[in-house]
Amino acid sequence: MSENTLILGLQWGDEGKGKIVDNLSEKVDAVCRFQGGHNAGHTIKVNGEQTVLHLIPSGILHDNAKCLIGNGVVLALDALDKEINNLQKRDINFNDRFFVSSACTLILPSHISIDKVRDKKESIGTTGRGIGPAYEDKIGRRAVRFGDLADKTVLKEKIKLLVGYHNRLLEELYDHEAHDIDEVFNEIVKFEHLYKKYCIDSQDLMHKWISEKKSILFEGAQGTLLDIDHGTYPYVTSSSTTAGGVSTGLGIGPKFINKIIGISKAYATRVGEGPFLTELFDENGELLANKGNEFGATTGRPRRCGWLDLVALKKAVFTNSVTDLCITKLDVLDEMEKINICVEYDEDKPVYKEFEGWLSSTEGVTEYKNLPKNAKKYIEYIEDFIKCSASIISTGPSRDQTISR
């Protein structure tokens, strides 16, 4: 049986999943997204050129890999169309290798309006892209799906009912102007070419790939601490970002996941509102933000920075049955004289263990034996605490700046 691997974030997203997925995509037959929407932002650097993917799996950059957006993803057709066009301008081939589930819930313009006006009132810190409201309609069994483009009469009726519901919310609760139903319908129908070219029964496709013993990479978005059930609720995303999301978001059983790689930065970051016990407000936080270039790939918002929280990391490893740890951005800590790690909580305060920094460059190191002694001590303490080995260590943004153990 071919090995199927899940890659997911163990923090609040932005852990560097895109680079790792990109590296592993060279060796697999297919790469699949299973949750989230275009609120994700996977940044990949190849030959000095940076690519940010919000919806399309990172495997699209490798001709050997087929790519699937699964039923657990909520889909903004305008964002998908733009992303496809941008990649095709770079001669990326989509023919017979890119597929989108017919069961994907569509994000309508009215979802975006609800998201924005609601976040102004509640300050959850969403990206304002309609993700949460779209998932609400999915759970409420009133969503418009990608496969509904097969029949324009059915599509129009579903849009009429859903946008009518949205308009009542917008006008009565938020004093916001209503959306014209015909305009929303026309906005969706103009992307009919995407339906004709890419729409597929994704569960049938997954069954086919698994039956053919294809090696599959499951690409997670966001991170465990943003999971709707297991994250820092209510400051979370609206989907299942943990390992369980693969089964529901692609329609496969958990036994088909053979390896689970959990990704964590060597420190911690968070975008938007919500608790962050190890957050730094001093020059150390500034150093992490500046050296780590900590700005959101999707929103451009500056990320909050802090020390690594091993209590939260250990829980995330357990929640996801992680088999392999990947530590990213080790090189960002190169200039730190002292480095702290949170090892327990004293009520709502972190308790730290202090480490001596290594004050030498780890950027571009590709052999574990060539890391500074104190960098090895730091990594090995993390491994021992969470009871999981770091098989991948990233020492820079490029593909080749990676240690494999």
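For all residues, glycine too, the Cβ spot is worked out from N, Cα and C.
All TrEMBL annotations are machine predictions without curation.
Features of the protein shown, as given by TrEMBL:
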ACT_SITE  D14  active site, proton acceptor
ACT_SITE  H42  active site, proton donor
ACT_SITE  K138  active site
BINDING   13-19, 41-43, R303, 329-331, 394-396  GTP binding site
BINDING   D14, G41  Mg(2+) binding site
BINDING   D14, E15, G16, K17, N39, A40, G41, H42, T127, R141, Q222, T237, R301  IMP binding site
BINDING   A297, T298, T299, G300, R301, P302, R303  substrate binding site
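Structural mapping of features recorded in TrEMBL.
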residue: D14; record: active site, proton acceptor; DSSP class: coil
residue: N39; record: IMP binding site; DSSP class: coil
residue: Q222; record: IMP binding site; DSSP class: coil
residue: G300; record: substrate binding site; DSSP class: coil
residue: L330; record: GTP binding site; DSSP class: helix
residue: T395; record: GTP binding site; DSSP class: coil
IMP site span - longest C-alpha distance across D14, E15, G16, K17, N39, A40, G41, H42, T127, R141, Q222, T237, R301, in Å: 34
Lowest local Cβ density among K19, H42, K138, R301, R303, which the record lists as recorded positions, within 10 Å: R301
L330 (GTP binding site) to the residue listed as 'active site, proton acceptor' - Cα separation in whole Å: 14
Site with most surrounding Cβ atoms, counting all protein chains shown within 10 Å, from the binding-site residues G13, G41, P302: G13
Least surrounded among the binding-site residues, given as G16, G300, when other CB atoms within 10 Å are counted: G300
Nearest-integer angstrom distance between the alpha carbons (Cα) of T127 (IMP binding site) and G300 (substrate binding site): 10
Spatially closest candidate among G13, G300, P302, the listed binding-site residues, to Q222 (IMP binding site) (Cα to Cα): G13
H42 (active site, proton donor) as reference: those recorded positions from K138, G300, R303 with C-alpha within 10 Å of it: none
Between K19 (GTP binding site) and P302 (substrate binding site), the C-alpha gap once rounded to whole angstrom: 20
DSSP three-state assignment for T127 (IMP binding site): coil
Cα separation, N39 (IMP binding site) to K138 (active site) (Å, whole number): 17
Inter-residue C-alpha distance, G41 (Mg(2+) binding site) and D14 (active site, proton acceptor) (nearest angstrom): 8
Between G16 (GTP binding site) and R303 (substrate binding site), the C-alpha gap once rounded to whole angstrom: 14
